[in-house]
Amino acid sequence: MSAPAIPYKIAVLVFIENAAGEHLLLLRAKPPNLGVWSPIGGKLETATGESPYECAVRETYEETGHAITIADLHLFGMIAERAYEGESHWLLFLFRCRKPIAALPPEMHEGRFGFFTRAQIDEIPLPATDRTALWPIYDKHSDRFVAFRANCDPAQPLKIEIEEIIPTPSFTNRSGPAAS
């Protein structure tokens, strides 16, 4: 008899900065990532057919009050995390928000917020995959797109593999290539 299947969850993470270039992070008050800092985000409402972009807009507003549109987002990554915390597989869509947030959002049931420089992020408690993969990927590829996977099985060493990198497109909007 085979072991029970581990559930697969689909979610987004949104990397938001203030006007000073500091990153907004959430100190999570509940699992997953209890007690560590991470970008905001949440699970797609799959029952309604919500897209990753719609989820990023919704989660950004729900968690921070920061009103954004799909045009404010750049999808820079997709990571498949196998056996995260030994409990679920995750497919995460990683967005960079181009619209700066004006102020630190108030504390909420998910946790409390803080602004951090990129150097400070290297010194605070983070999930292992964030420290090993997400932030280095953000640093190198936040203006393009990268697909990668992580074996997060707690019984094995964390293993990150890049599957594809797509260079920065030659156009600046979603309506297609710029006219010459």
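From the backbone N, Cα and C atoms, a Cβ is placed for every residue, glycine too.
Per TrEMBL, the features are as follows:
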type: DOMAIN; residues: 7-139; note: domain 'Nudix hydrolase'
Tally of DSSP helical, extended and coil residues in the domain 'Nudix hydrolase' (7-139): 35 helix, 53 strand, 45 coil
Stretch-averaged pLDDT - the domain 'Nudix hydrolase' (7-139): 95
